């Protein structure tokens, strides 16, 4: 990988800034701006006193303007366990560790609760960040030294992208669906992946995949009589967004015994049951590869799902954000659009929305908030309403848009960055596969724990066969048994995982979700801590 010469880069930026400052000093209007005058001590005291009086008056009021009784009840109903109680406890422990290092049997909090790769040490892809840097600070493109610091293809790509942005400014608003040239690149990437045409006008760029999911829920749900079929266990975004928009989650249970299989008979059963209760089921959500379950659907299974949606008149919501995260040789990712087109289904046969994000895969750019949804099979008048919803949000952020285009159009053979890009990509994915295998094997060695094969995504979802005494202890604390286990695990080891009850599960079963994202050199220590804790827990509560 090319070494980035820090000193040269700093000098380059400083030179550019000095030129800009010299330019601004020559502008006559600068002298017209009055100097900032800080308030005097007396005025500060007056402001503070007035503020305190106002607050006291407000506090003494018998009627507060906002209470839990007066806010939208749908907000109270929605929950997001991935950042719930366990994480709140972890954050308090992390703060306390700064001043009370000897108070706990661990020296750090290890967050295995959320798919946030770079927070746990994963490095970004160099080519992606070079292009972002050049697009964000365009003055670098005018410096001769830039060619010694950045790859030639990142410079070329940055110029190409900037030419497509109004005013060549990444701080400007874009078209509500996203910059047209970037949507062209994404459509080309989809076509290269699937072997079927993709239309840039079907692409709606979003701040990660989550806003796209919310947008579709808002579009499809009119009342609690509208239902969305969701996999159980499910990613809490779905239950939360359905609750927030006032709909009904219609569960279909994945079969843990068959590696979290998706059975069409289960879909039919739950659909018929919902309809018998007067619920109009509008859509089927499928997460592939699975979150939190980590399974990868077979192409044959996907064909059955497509047929089911076609026969029942359901919108297929395909959450495909982990499409790059497949770790076993006998499984391969196939997009639902590719499967549908290979079956002969065209635009008029199936309403399909596919979601992609820059947060997952091998890139892990969660904080950049980039993603898109590809919307196909909707009538023109409905598409106009989707566009209107996108317009209300003005546009997604430009850096996220750029990244979304880059993950779908990375360096190709012969490009200056290709070899380093492939080395970084393969290094990350192969390491994730090793971590997944190590954790899977360790979990299956624990007493009363079973864990399905980690085929893809970023998670393991082991089943806890807890002793009755542990279940009774949890009931005494008025909490779910898996939540009880996870809290004890956190306080004993500093390891943060998410209780399975936060994802929903077959009644009477208990699980937790654990990411495979801590850096590879930390995995052995995590295994040791987890093993020691679990043995102690079972010794304490064994029937």
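Even glycines carry a Cβ here, placed using N, Cα and C.
Features of the protein shown, as given by Swiss-Prot:
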TRANSIT   1-55  transit peptide
REGION    43-64  region 'Disordered'
COMPBIAS  43-63  compositional bias 'Low complexity'
MOD_RES   56  N-acetylserine
BINDING   173, 209, 210, 235, 291, 322, 354, 355, 356, 369, 397  pyridoxal 5'-phosphate binding site
MOD_RES   360  N6-(pyridoxal phosphate)lysine
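Sequence features, as recorded in Swiss-Prot, placed on the structure.
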residue : record                              : DSSP class
173     : pyridoxal 5'-phosphate binding site : coil
210     : pyridoxal 5'-phosphate binding site : helix
291     : pyridoxal 5'-phosphate binding site : coil
354     : pyridoxal 5'-phosphate binding site : strand
360     : N6-(pyridoxal phosphate)lysine      : coil
397     : pyridoxal 5'-phosphate binding site : coil
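On its own chain, residue 173 (pyridoxal 5'-phosphate binding site) has 166, 394, 395 as residues at least 6 apart in sequence with a Cβ closer than 8 Å to its own Cβ. Shown are the binding-site residues 291, 354, 356, 397; of these, the residue with the fewest other Cβ atoms within 10 Å is 397.
For residue 210 (pyridoxal 5'-phosphate binding site), the Cβ neighbour count at a 10 Å cut-off comes to 19, with all displayed protein chains included.
Each residue contributes its Cα atom, and for residue 210 (pyridoxal 5'-phosphate binding site) and residue 360 (N6-(pyridoxal phosphate)lysine) those atoms are 12 Å apart.
Other Cβ atoms within 10 Å of the Cβ of the residue listed as 'N6-(pyridoxal phosphate)lysine', summed over all protein chains shown, number 26. Cα of residue 354 (pyridoxal 5'-phosphate binding site) to Cα of the residue listed as 'N6-(pyridoxal phosphate)lysine': a distance of 15 Å. Looking at the residues that bind pyridoxal 5'-phosphate per the record, 173, 209, 210, 235, 291, 322, 354, 355, 356, 369, 397, the two CA atoms farthest apart are separated by 33 Å.
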